[in-house]
């Protein structure tokens, strides 16, 4: 094939993908609106609009036209002629294309319908504390996923095929190693922490006017460097961040009347996602590389900003004064140190989303073990409630007295999102590893944070992570930034250092 | 052609149109977001998304597929087999199709590019008070519109082709009659009103906290019956209403620090547009009939609610107490009667958008005369500043000392929207005519309004106007609701009665 023909095809491919990305941006905006703003009765009609546009996008992604582009451009002699962005874009689209095209359309439709109906069955089951309502749906979902995996293929472990959907390159073999040490050390540390005396945190749970919470969250976003000319900050029942493009990144939070921590740390968490998206290189606009490189790396940023910065002692050395200024009555007689300890309070509990920084990873590893065994056929859906209860007792030391606080607490499985949970802990692991590397290059970064200055921290993260978007893989980013592959030892060291100090162990 | 084939085609056509309408809804949502919420730097990228989707929609509207559907379904033997909604939808799409397809694509593209660049030229010209900057653009726009009209054809007057774009069935012959009496009577009434003593309205222009203005506007929407489960109320620099579908209708307003009337009557104005859209029959969802039947009828509702209800004495008999409750300091010592007179203050002025209820129509009729003569080649663009100044002096009695307060004040012509201005006065005329008919059927409606109850008024408007959407033409709606064609005598009578009473003439 002629060089000219390859370049022409590359141009056509880029135009085609840019169009897809525009369609994707339209869909994302509508979904943002549906999550944050839409009037109640507008939902049904808008869902049809989203369905129509999503169908169009899927059709473009799996079209013969796309197949022809990828066929030409993914050949070695073509690849070497492409610029790096087009090359990465071809690989990115080819991964999607191969995955989507391999599933027979009628099987895929069956799966889409199933997961749509499964969500309300899950909701019903949770409400009525009746696992049996959800069981047949979950069994079908697992069965179809097992079929998909056979089609997609796998090298060592069936579950690898699902893990790599969210974290390219991740395998059970790697994750067993990564999680192994973390689990042991965390269980041990948690046991020692909970032997210590209780921390007073009653002042965190008293009336906090919502409008002041809003003002303080906004103040915090300003202080951290969220660019309001490139984003919005709104309210929604389930906080989230969405990057429509680097110039329009939107986050939401939720305000509880009697809890300042939810909105405050929720906002800082979403800030981490948002600052990543706001700083992706504009060279990637118009491609699907213009987003975070993986769920895990994305989560590393929300966790880094929420926990390592936002729950750090240095951060509040600077910010505690402004907190007291916004809530003078609530924090009367509370010291920065009291506050720091209260926001880092550790307590074994049943619900993942409410878990503290230390316990959290145990909730994830429990789900990882269950998913892995389920997909590999070592356990079956009907046994999940019992297995769940046993495992959470083993890991965290508490046992659920209902399905709603046990096996039915998360929505994820009803949507078929097996392989997704691990991203949350990968985020913590990546974050600690990145922090360790950054500390070596900016030895006084903690003093800077204590002085209210995060510009160097942001610049470092931008250089190592943000600007690359999805042009680099998670593995490449970690290797370039830290000199090694993913390693959970840094998270273990961070957690031990932090909580031993706080709890005087 | 077989009955079966016709029904099959009708089904396919309806599916096709439903898809177009969904695309249209997506575009509208993005445009709403761009007008009300989008962060500054997100605009450029989002404009490309809108451009892409709008291109797709235009392509569907002018496709060979659409041509085939319309060719089959608009035949008499097919039309009589169709249900009324499909029949009206076919006619509606055929009007668009014939108009769009008749223009050669390269000519249409030229026009689109021209109007896009003309807007910033207009903006420049207005800023620099230099008509010459805008003149060549406006000359080209007028020249192209004259070409389009030759292509579209017309019966009596070239300008008819533009009028009927916004108000189906409207002609110069009709409008000359309708506007004729109105102009004379208004000029006469205005002269007599301005001879009277001045009304104190200083209390309307003092500091009004924006958050209280917001709360009061919301209170007013609640009181009038805006359904918040089917809509939103936000802030934007240029207030507007947009009906995405009857279950999601969004309005905005703008708050001035020193003027309560802008946000208050702006909100009531947009309420009129919104309540129309919220009440359109759900049978029309998925067709382009699911909107107001014309610009003029739409404007009749915003004007009816803003002026006839919202600036009525009865309305404030009920609502003045809540106004004082929200702004006790600002309205200390002001009576409901003082307030009523102040909000109905009449003063000849240069700017259309700031004009009072009486003067307003003169601003419109001046534009109508100019557009009509321009399109018919009786005057030329270069002479507009002088013609404008002479005409506004003749009608309103004031003469502009700059182009910004004269011929360059409106954005409309830069976008090629010739024929549009009349809708505003048609709205006033329709509103008064509808009010007259309603009064006969609900003789005590004013007492109901004075008691804060507008449910019967809403029900009447819904029955006569709202629910029909675009299934009925403006002419059919007026005939069914009032028993006659459009007639400006009712507006004259209303204005004379209202302002003679207020000014004691």
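Cβ atoms here come from the backbone N, Cα and C positions, even for glycine.
Heads up, TrEMBL stuff is auto-annotated, nobody curated it.
TrEMBL lists B:269, B:273, B:299 with the feature Zn(2+) binding site. Among the features that TrEMBL reports, active site, proton donor/acceptor is placed at B:270.
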Practice item. List, in sequence order, the residues of the same chain other than B:269, B:273, B:299 whose Cβ lies within 8 Å of the centroid of the Cβ atoms of the recorded Zn(2+) site. Key: B:241, B:270, B:272, B:298, B:301, B:302, B:303, B:305, B:306, B:427
Review point. In sequence order, what residues of the same chain, 6+ apart, have a Cβ less than 8 Å from the Cβ of residue B:270 (active site, proton donor/acceptor)?
Key: B:239, B:240, B:241, B:251, B:252, B:253, B:302
Study note, to complete from the structure: Neighbouring CB atoms within 10 angstroms of the CB of residue B:273 (Zn(2+) binding site), all protein chains considered, total 22
Review point. So, in DSSP terms, is residue B:269 (Zn(2+) binding site) helix, strand, or coil?
Key: helix
Study note, to complete from the structure: DSSP says residue B:299 (Zn(2+) binding site), in three-state terms, is helix
Exercise for review: Only counting partners 6 or more residues apart, tell me which same-chain residues put their Cβ under 8 Å from the Cβ of residue B:269 (Zn(2+) binding site).
Suggested key: B:239, B:302, B:303, B:305, B:306, B:310
Point to revise | CB contacts for residue B:299 (Zn(2+) binding site) [other CB atoms within 10 A, all chains] | key: 25
